[in-house]
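Reading through the structure tokens given below for one structure.
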Amino acid sequence: MGENKTGDGGKLLYCSFCGKSQHEVRKLIAGPSVYVCDECVELCNDIIREEIKEISPKRDQDKLPTPHELRAHLDDYVIGQEKAKKVLSVAVYNHYKRLRNAGPKDGVELGKSNILLIGPTGSGKTLLAETLARFLNVPFTMADATTLTEAGYVGEDVENIIQKLLQKCDYDVEKAQRGIVYIDEIDKISRKSDNPSITRDVSGEGVQQALLKLIEGTVAAVPPQGGRKHPQQEFLQVDTSKILFICGGAFAGLEKVIEQRTHTGSGIGFGAQVKGKEEKESMSDILSQVEPEDLVKYGLIPEFIGRLPVVATLAELDEDALIQILSEPKNALTKQYAALFEMENVELEFREDALKAIAQKAMSRKTGARGLRSIVEGILLDTMYDLPSQQGVSKAVVDESVVKGESAPILIYEQTESQAASGDQ
């Protein structure tokens, strides 16, 4: 085949597919008595790409990753939280195994196991859910429980969560029904008191009631393409029993509720057993003893807790874990910034004392891993501002003094030809 813009004897040529002349298109490719224009070639490419997109998820479904494989993938991106990784891997594996073997098995219908993650801010709750969804190649969306209200009140309806999930997969209902929904700040919709109130709690217990059916499994009616609901509109029917819901929250103060129940090292009077400082349990140890009754006392209604049978607790990250997070995962912060500097042909080096100082700063802010990026961004801001305008920089080094704000990153310049000839360093 060869390009042909003029026919034999000056004859005008046309595309054999769309009929456009050689003057209406940029390129006309000639074959044996056949011509095809660049627009038709591009259209054919688009059709092939669409078909590949449709086939690839089906191929991914052929083999469901085992809990060991899921855990290994989480290890690449999430540091620590070993118990939570194991619990999540098994729960996610069982959920998708249930979907693949739909229908009762020997008269036994498999129940749905949604997940509740309990852990402090910046401990990796969102990252765990997001990493699993990416690995399984399923749609994933996040919702903030604090923005949800009961239907009829100002705020987001719970159905909006399904709307967001549909948007992630171009309103493909089948894809959405295999998705994962992460609802953050679930502890913020706890009941305001232990006793049911006569006043309406539209952002607390009311939202829990509204989420019940959605999480357990119902057919949600969602308007197509984000349109507002009105009687003439056809709704998309989404079966939420196939969607995996993961709820997460910090549950500040829950450890006190657990301690009251366990009565370890508490009490008053001469006969009370009081633990010394070295004997006191860490918060993660206390949270790992959580029972449904503790969550009820905290403010979640029993029916809601019943829809989240799998509970995993995450430990607060210590200094060593934060140092690992900075440098070890596949998408570690230091690797991300090194890649940014590499685009300017500059090598970026973080020294060990710098990593330790960054981790200590994050610990003092009590923001967990979430605070690491803002610290690193602040350290490198001036350097990233000046670097594109500077010539000959080959390396930037960050040490402890840079993190403490005592000095700027050390810039190492390339040796020029004239310096090399004169022997200057």
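Just so you know, glycine gets a Cβ as well, placed from its N, Cα and C.
Listed in Swiss-Prot for this protein:
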DOMAIN    3-56  domain 'ClpX-type ZB'
BINDING   Cys15, Cys18, Cys37, Cys40  Zn(2+) binding site
BINDING   Pro120, Thr121, Gly122, Ser123, Gly124, Lys125, Thr126, Leu127  ATP binding site
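Here the features listed in Swiss-Prot are painted onto the structure.
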residue: Cys15; record: Zn(2+) binding site; Cβ contacts under 8 Å, 6 or more apart: Ser21, Val25, Leu28, Tyr35, Val36, Cys37, Glu39, Cys40
residue: Pro120; record: ATP binding site; Cβ contacts under 8 Å, 6 or more apart: Ala250, Met283, Leu314, Glu316, Gly368
residue: Thr121; record: ATP binding site; Cβ contacts under 8 Å, 6 or more apart: Ala250, Lys366, Thr367, Gly368, Arg370
residue: Gly122; record: ATP binding site; Cβ contacts under 8 Å, 6 or more apart: Leu317, Ala362, Thr367, Gly368, Ala369, Arg370, Gly371
residue: Ser123; record: ATP binding site; Cβ contacts under 8 Å, 6 or more apart: Gln81, Leu314, Ala315, Glu316, Leu317, Gly368, Ala369
residue: Lys125; record: ATP binding site; Cβ contacts under 8 Å, 6 or more apart: Leu117, Gly119, Asp184, Gly248, Leu314
residue: Thr126; record: ATP binding site; Cβ contacts under 8 Å, 6 or more apart: Met142, Tyr182, Asp184, Gly248
residue: Leu127; record: ATP binding site; Cβ contacts under 8 Å, 6 or more apart: Tyr77, Val78, Ala369
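Long-range Cβ proximity for Gly124 (ATP binding site), meaning a same-chain Cβ under 8 A and a gap of 6 or more residues, is found for Val78, Ile79, Gly80, Gln81, Ala84, Leu314, Leu317, Ala369. Proximity of Cys18 (Zn(2+) binding site) to non-local residues of its own chain (separation of 6 or more, Cβ distance below 8 Å) is seen for Cys37, Glu39, Cys40, given in sequence order. The average pLDDT for the domain 'ClpX-type ZB' (3-56) in the predicted structure is 79. One residue stands out among the binding-site residues Cys37, Cys40 for having the most other Cβ atoms within 10 Å of its Cβ: Cys37. Classification of Thr126 (ATP binding site) by DSSP places it within a helix.
Annotated Zn(2+) site Cys15, Cys18, Cys37, Cys40; additional same-chain residues within 8 Å of its Cβ mean position, judged by their own Cβ, are Ser16, Phe17, Gly19, Lys20, Val25, Leu28, Tyr35, Val36, Asp38, Glu39, Val41.
Classification of Cys37 (Zn(2+) binding site) by DSSP places it within a strand.
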